[in-house]
Every structure is written in structure tokens, then in C-alpha cells.
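**Q** Copying in the features that TrEMBL gives for the protein in this structure:
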- 1-20: signal peptide (SIGNAL)
- 55-122: domain 'Inhibitor I9' (DOMAIN)
- 148-637: domain 'Peptidase S8/S53' (DOMAIN)
- Asp157: active site, charge relay system (ACT_SITE)
- His231: active site, charge relay system (ACT_SITE)
- Ser599: active site, charge relay system (ACT_SITE)
- 756-850: domain 'Subtilisin-like protease fibronectin type-III' (DOMAIN)
Amino acid sequence: MILVLKNLLLLFVLLVSCNGEHKKIYLVLLEGDPIAFHHVKTISQEGNKLDPNSETSKAYANELTKSHDEFLQSYMERGSYDKIYSFKHIINGVAVHTTPSQIEKLKNAPRVKLLEEDRRVKQMTTYTPQFLGIPAVWTQGGGDKNAGEGIVIGFIDSGINPDHPSFAYDPTTNNSLTDSFSGACEEGPLFPQTSCNGKIVSARFFSAGAQTSTTLNDSMDILSPFDAVGHGSHVASTAAGNFGVPVVVNGLYYGRASGMAPRARIAVYKAIYPSIGTLSDVLAAIDQAVLDGVDILTLSVGPEEPPEDKLTFLGLFEIFMLAAHKAGTLVVQAAGNEGPSPYSVISYSPWAVGVASCDTDRTYPATLILGNGLKIAGVGLSGATVGDGLMIQYNKLVLAKDAIKINTTLTRIAINNAEECQYPQAFDPLVVQDCVVICTFSAGFYNGTSTLTAIIQTASILRFKAFVFVANPPYGDFIAEPIPFATPAIMIPATTDTQNILQYYEKETVRDTNGLVVRYGGRAAISEGRNASYKGRAPIVSRFSSRGPDYIDQSKNPTDVLKPDILAPGHQIWAAWSPMSVLDPILSGHNFALMSGTSMATPHIAGVAAMIKQYNPSWTPSMIASAISTTASTYDNLGEPIMAHGFDLYTLRTSAPFGFGAGLVNPSGALHPGLVFSAGTFYFHFHIHISESSCLLIISNKIVESNDKINKSRLIYLTGYEDYISFLCSLPNIDSTIVKTATGGICGQLFENPSDLNLPSITITSLNGSRIVHRTVRNVESKAESYLSAVMPPKGVTVDIEPSWFIIAPQGTQDLHITFNVTQALDDFTFGEIVLTGSLNHVVKMPLSIFPISTT
């Protein structure tokens with residue numbers, strides 16, 4: 001009987017395992033307007049904020065939630081699914097956790113517009129204000145105490161450290177936020193209600209996707225807006241951190257840190273956790289942030305790969321960003337960290353600003369000094385090896401693998417990794433104590449099982465005087481970033497330098513006939529590595545920064561959009577951190593960190609955009625993006641074209657728009673760009689007078705009366721939305737029903753080519769013979785100005801502009817017709833630039849990226 005029961009139980013388990021399905025999260029876009037665009041009165045193409053607290057909005061929100069529940073109940077089996085989100089603010093849809101067989105029932109169901117499996121998302125991980133000339137911008141806006149005042153920047157990231165001085169509220173300043181922003185403070189572990197202090201004006205967290213996808217770790221996946229990682233705090237303080245906060249790490253003062261817009265307010269939307277990040281949580285955060293009324297939305301996070309089986313522009317992540325733009329929110333997005341390979345950008349759409357990363361001219365040089373006087377440059381934020389008199393002291397130099405215990409009982413793995421200094425028990429403590437120990441990059445670091453943290457622990461336990469982490473010729477050079485070391489330390493990332501060190505070491509070391517060391521004769525010292533140097537070429541496009549061209553599908557077919565859009569500092573950026581630092585133990589206990597990534601570049605642009613919005617409150621997202629682009633610089637501090645790090649480590653090559661977009665952001669110039677290219681042909685200045693019985697709309701000096709009472713915050717002006725739909729509908733071989741299904745937009749008047757979208761750049765991925773491209777500029781200054789055009793044509797192409805010069809009145813527009821003719825077919829893109837020079841010293845630049853296929 002027992003045997004029979006066991007067999008039946010085994011059969012049951014086998015049946016369950018064979019027939020059972022693994023549940024996944026699916027994102028479902030449904031027909032019907034979301035709250036933001038429900039019964040919208042479209043006056044022009046501008047963006048105003050929604051009032052989420054109106055009775056009409058609340059009632060419609062309840063109606064949408066009920067309709068979502070009824071829809072799922074109608075097509076899916078009871079108990080077979082869990083609805084984890086209702087998207088209803090800028091997108092109408094749901095996130096549902098269910099099996100593949102159940103989701104099949106929704107694919108052809110009425111009301112379903114788009115269905116997509118959830119994807120993983122990841123983070124794109126003091127001096128930059130001066131490097132970008134920000135103090136001059138602060139002066140125009142009333143000083144650092146006022147820069148960004150009244151603007152709310154939203155951050156979708158890993159949360160925030162509310163106790164950090166970069167986020168402290170200054171009670172002596174006025175809170176000038178308007179009624180258009182309405183956030184909330186969601187308290188939880190390590191995040192009390194008082195964390196929303198006036199500087200942090202809203203804080204929410206989204207975890208349904210994460211909790212559904214995996215078992216969270218309570219010790220680090222904290223269910224509150226608190227940042228256990230540090231990434232979110234770093235990003236927020238770079239954009240909007242307080243002015244002049246002292247940066248102190250390991251007791252050393254590194255200077256003062258300031259955000260780009262230090263008086264801007266911060267709205268936090270935690271959607272990334274140490275264990276996991278899901279697209280569903282990020283989309284829910286975008287939905288809420290736009291409803292709350294953020295002016296700028298910062299996305300230093302994004303999907304790990306483009307969507308399957310659809311255009312890059314029509315993935316749900318892109319559609320949510322389009323909806324945010326439609327509602328009047330500027331979206332600033334990291335371009336990605338997969339450089340320097342071409343076609344590596346993960347920012348695809350023209351309605352989001354994709355940010356690339358560059359180095360500044362600040363470095364932290366450190367030096368290893370050998371006993372023979374040879375000096376070898378390296379990297380490491382640490383103090384020098386000093387003696388009692390605080391003079392640099394030379395100590396015995398020991399190669400780690402020469403200090404292994406004889407007859408040790410350690411495992412083979414520990415012995416093999418001893419040269420990497422991972423296991424303190426592997427060494428003879430009498431040999432390594434008070435010595436400079438050489439640790440070597442080897443197999444463990446190559447496959448990711450060895451860490452610098454372990455070296456630091458070994459050095460501390462065995463009381464190294466210092467350690468030197470060197471490259472290993474069989475593995476090649478490695479990339480070294482400055483890390484704060486409590487123990488004197490230096491990284492030597494070049495194998496040629498390693499060979500010089502080892503040559504000296506072997507010359508000074510005496511071995512017996514068995515190769516064992518009997519005398520260590522080498523000596524070495526490490527110089528101070530924490531003093532900043534401001535020399536050399538900058539900017540340089542960071543090696544990791546993702547490159548264009550932009551592409552339309554997973555096959556990476558290029559498309560007529562320039563990506564990235566703009567370049568900003570993202571390499572070795574000091575900013576706020578979380579002392580928990582659960583993913584980076586080296587930084588545990590620190591309030592500041594020196595980090596690199598397009599994640600660090602993105603908030604620079606968000607902060608600059610906040611100041612532009614403060615200075616020009618009526619400007620649309622497209623106008624702000626245009627001003628940032630057309631005023632950027634393509635030259636470095638030596639007056640030469642911007643360079644980029646190449647595939648080979650520590651090599652430079654001339655960069656191009658696919659590396660830096662329009663160029664390095666110029667904040668001061670972006671406040672007064674002269675002309676803007678704005679998606680959406682018409683732009684009206686308007687004044688609204690609201691009374692109890694009527695609404696008077698004054699548009700272009702014409703008064704339109706309405707007998708309906710209108711809430712000003714319910715007036716949504718669609719910022720270039722129709723132009724973006726025309727762009728999508730003009731893509732090669734596009735099915736208009738796909739565009740309508742994904743966006744709700746109708747393919748009406750099409751562009752002759754996608755390159756006719758009114759962007760501040762021109763990209764043509766396949767130029768056969770000739771093409772005329774159309775652009776419209778608007779004078780956003782207060783005086784009339786005459787402009788003269790000049791062209792630096794791409795190789796193999798002639799460029800003619802009509803008219804070649806023009807006079808444009810304040811708020812006037814001018815159409816430009818730009819003719820491209822192929823004179824030589826090439827096998828790759830070639831680059832140029834159009835420059836419009838104004839009589840009042842405005843200079844408007846437009847990058848050209850052209851692939852000349854044939855002359856006919």
C-alpha cells in the first residue's frame with residue numbers, strides 16, 4: 001500500500017510538472033482614453049497639467065478600474081491570474097500575472113490594442129556645474145538660491161536617502177510650487193512621513209511587479225521609497241541636490257557638491273530594487289509621475305533590450321513616454337552603457353531626450369614609485385604610504401603568490417586565486433604585514449567571482465601597508481575607476497606597466513633553487529591619490545556610452561532619428577549616496593560616491609531642462625529639447641573636434657553625432673537659443689480667464705467664448721503629438737493600423753519621409769540621388785533677427801538651403817527647405833552640420849547624419 005501511494009504521488013508530481021505553466025507578467029494596452037486625455041479640449045499643441053483631484057477625474061478613474069476588472073473576468077478563468085496594476089492616468093491598460101495559455105485568450109479579445117511580456121529593467125549606472133558653466137546660468141536666474149525654483153523633477157529609480165544633506169529643506173526660502181503638482185508621501189521602513197520635507201515634495205514606491213516576479217530580500221529590498229542602493233540618490237542630487245554640500249569620504253574633504261538646479265523640488269518614484277527591476281513597476285511609476293504633475297521626468301533606468309516582434313518606437317515603454325510627452329512632461333532618458341559598439345543605444349524615440357556620457361577634465365592621478373625611482377601612473381582614491389614624519393615611505397614589495405603559506409590546507413580554488421588576494425588565510429601573515437602587496441587580475445576577476453572588496457578585506461585583516469592591483473598580460477588591460485580605499489592602494493590597469501613592475505620585482509628578489517623567495521629586495525611607495533587634477537582634453541565621449549545610429553527593430557535596421565540627442569558629463573561624478581550601498585560593499589558607510597554611467601549624465605540634462613523651464617515657463621518639451629540641442633558644442637576645451645574613447649582601451653578617435661548627438665550641452669546658451677525647432681507646426685500664446693459661468697479663450701488676439709465651465713488644469717495641449725503620429729505613419733512599410741492600435745493616433749497627413757519630422761537634426765539612413773527635407777524654426781526671442789545659413793556638408797553630399805538668409809520677427813516662424821544631393825555613394829554614414837548665424841549673436845546648429853547610397 002505504501003509503495004502504491006508513493007507511486008501515485010510521484011505520478012501526480014510528474015503530471016503537475018508536465019502540465020503546469022510558469023506564470024509571467026504581461027502588459028495589456030486597452031482601447032479607451034486614459035484620465036489625462038478623456039474629453040480633452042484641445043486648444044493648441046501645448047501641454048498643461050491635469051488635475052487628478054477633481055471629482056471628474058476621480059470618477060473616471062474608478063470607472064476605468066472597474067472596466068479593467070470586468071474585462072479580465074470576462075476572458076480569463078477565475079483564479080488563473082492576478083491583476084497587479086491598472087494603468088489609467090496617461091495609458092489605459094493593465095499589468096496581469098498569469099500563464100501563457102491564459103494570455104492567449106486576450107490576444108484577439110475585443111478592446112485589446114497591444115500585448116507585451118514584461119521585461120527586466122536596469123540602471124544605467126561637485127565639479128560638473130563649473131565644467132558646464134552653470135554658475136553663469138544661476139546668475140541669470142537670481143543665483144544658486146533660486147535656480148530651478150518652482151520646478152518639480154521626477155526620478156524613477158531606486159529611491160532616495162532622505163537624511164542626506166543634499167535633500168535637506170531650507171526653511172528660509174519660499175515654497176513656490178503651483179497647484180498643478182499634487183504628490184503624496186508613502187511612508188514605510190526607513191522612510192517616515194517627515195522625509196517629505198519640502199525639498200522632497202513627493203515619494204512613492206512601486207513593487208507589485210518585483211514582488212510577483214521573485215522573492216524579495218527583506219534586508220535590502222525595502223518596501224518604501226528609501227534607497228538601499230545609492231543609485232537613485234546619486235541621480236536626484238546630480239539634477240537637484242542642494243547647493244554647496246561638503247563632500248567628505250574617509251575623512252577627506254573633496255570639495256562641495258551642487259545639483260544643476262539646486263532649488264528644484266524632487267519627486268521620487270522607486271521602481272527598481274536590489275534583487276530585480278521590472279518594466280511593469282517602471283510603467284506604473286511613469287503613469288503616476290505624470291498624473292502628479294512633474295515638469296521633468298528622469299529615467300536613468302530602462303529595459304535591457306528592445307521589444308520583441310515590434311518596432312522599437314512601439315514598445316510599451318516608448319508608448320508610455322509618448323503619452324508623458326503628450327501630457328506636457330519632458331522625458332530625459334539614459335542612452336545606455338553598451339558602448340562603444342554602434343547600434344547600442346537603448347533610447348530610440350524622438351519624443352524622449354537620449355543622453356550620452358562624457359569625461360570632464362578632472363582626474364585623480366595616483367602614482368606607484370618603485371625603489372629604482374621609476375614612477376608608474378595609476379588610479380586609486382587613497383592616501384600615500386607614509387611614515388611617522390608624514391613623509392612618503394618605501395616598504396617591502398611582495399608579489400601575492402610568493403607569500404602563500406607552505407603546506408596549506410586551503411582548497412584548490414583558494415590557492416589558485418591567491419594571486420588575486422581574495423583569501424587572507426592563504427597568506428603567511430609575517431611575510432605580508434607592513435608590505436606593499438602586488439595582487440593580480442586573473443581568472444576570478446575575468447569571470448566575475450573575485451572582487452576588490454575581498455582584496456580590501458584581506459589587506460585589512462593582514463595589515464598590508466598597501467596593495468597594488470595590476471593588469472595581467474594574458475587577460476589584457478582593464479578599465480580602472482577611482483575607488484575610495486581606506487588602505488593606501490593603487491590600480492595599474494595597463495599590462496605594459498605591469499611588466500615594468502614585475503621586471504623590477506624579479507631583479508630585486510632572491511629565490512632558492514626551488515623558486516621560493518629567500519629575500520625580498522624590492523621597495524615601493526604610493527603617492528597621494530585623492531587630489532584632483534584639472535588638465536587635459538575634455539569632453540571625451542565615454543567608452544561605455546552607447547552609440548548610434550538609432551534603429552527601428554531587433555534586426556537593427558537604422559531609422560531617420562539621431563540618437564543619442566545630447567552629451568553631458570557622466571564619468572566620475574561625485575554625488576549623494578546611500579550608506580547601506582547593498583550592491584556595492586566598497587561604498588558601504590559612505591554618504592557620497594564617485595560614479596560613472598549614462599545614468600550620471602542624464603540628471604545633468606534634467607537639471608538644465610528645469611532651469612530652462614523656470615526661465616521660459618510656457619515652453620513645451622519639444623522647445624526645451626530643441627534649445628538644448630541647437631546650442632550644444634561639438635568642440636573640446638582645446639578648440640578641436642570632440643574625441644571619443646575607442647574599442648582599444650585608452651585610445652581616442654574623432655567622435656561624431658552617433659557618439660555625442662548634437663554635442664556637449666551648453667546651459668547658458670540654451671536659455672536664449674534664438675530659434676527653436678518644435679514638433680507641432682503651430683504654437684499659440686494664450687490667456688485663460690475662468691469665471692463661474694463662462695470661459696474666455698484669448699488665442700492669437702481672438703476671443704473664443706464657451707458657456708461651459710472649464711477647469712484650467714483639464715486643458716491638455718498636445719505637444720507635437722500629431723507630428724509624432726505622422727512620423728510613425730511615414731516609416732517604411734508601416735501598417736497604419738499598427739500605429740493606430742499602439743498609439744490611438746490616426747494616420748492622416750503623412751510626411752513625405754520620416755526625416756521631415758521637425759527635429760533639430762537631420763538623419764537620412766538611405767539617400768538615393770536627392771531629397772528635400774523640410775524644417776520650421778520659430779524665433780523665441782523678443783527682437784527681430786536676421787539669420788544667414790552656412791553648411792559643412794557631409795562627404796559625398798551637397799546641401800542647399802532655401803532661403804539662405806531670412807529675417808524673422810519675434811514669435812515668427814520660417815520654413816526651411818533643405819536639398820540633399822548625392823555626389824558619391826559611400827558604404828557608411830557621413831556627417832556634417834548646418835549653422836544659422838543671427839545678427840544678434842545667436843548661433844543655431846543642426847547636425848547632419850547622412851548615408852549616401854547612390855547618385856540616382
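Positions of Cβ are set from backbone N, Cα and C atoms, glycine also.
Keep in mind it's a predicted model, so treat the numbers as computed, not measured.
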**Q** What counts of helix, strand and coil residues does DSSP assign across the domain 'Inhibitor I9' (55-122)?
**A** 29 helix, 22 strand, 17 coil
**Q** Between the Cα atoms of His231 (active site, charge relay system) and Asp157 (active site, charge relay system), what distance do you get, rounded to the nearest Å?
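**A** That comes out at 7 Å between the alpha carbons.
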**Q** Restricting to the chain of Asp157 (active site, charge relay system) and a gap of 6 or more, list residues whose Cβ falls under 8 Å of its Cβ, or answer none.
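**A** Sequence-distant Cβ neighbours: Gln123, Asp227, His231, Gly232, Val235, Ala236, Val268, Tyr269, Lys270, Ala271, Ile272, Thr298, Ser300, Val301.
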**Q** Within 10 Å of the Cβ of His231 (active site, charge relay system), how many other Cβ atoms can you find? Include all protein chains, please.
**A** 29
**Q** Within the domain 'Subtilisin-like protease fibronectin type-III' (756-850), count helix residues (DSSP H, G, I), strand residues (E, B) and coil residues, in that order.
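**A** Computed counts for the domain 'Subtilisin-like protease fibronectin type-III' (756-850) are 1 helix, 62 strand, 32 coil.
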**Q** What is the pLDDT of the domain 'Subtilisin-like protease fibronectin type-III' (756-850) when averaged and given as a whole number?
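**A** That stretch averages a pLDDT of 97.
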**Q** So how many other Cβ atoms are close to Ser599 (active site, charge relay system), meaning within 10 Å of its Cβ?
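**A** Counting Cβ neighbours of Ser599 (active site, charge relay system) within 10 Å gives 30.
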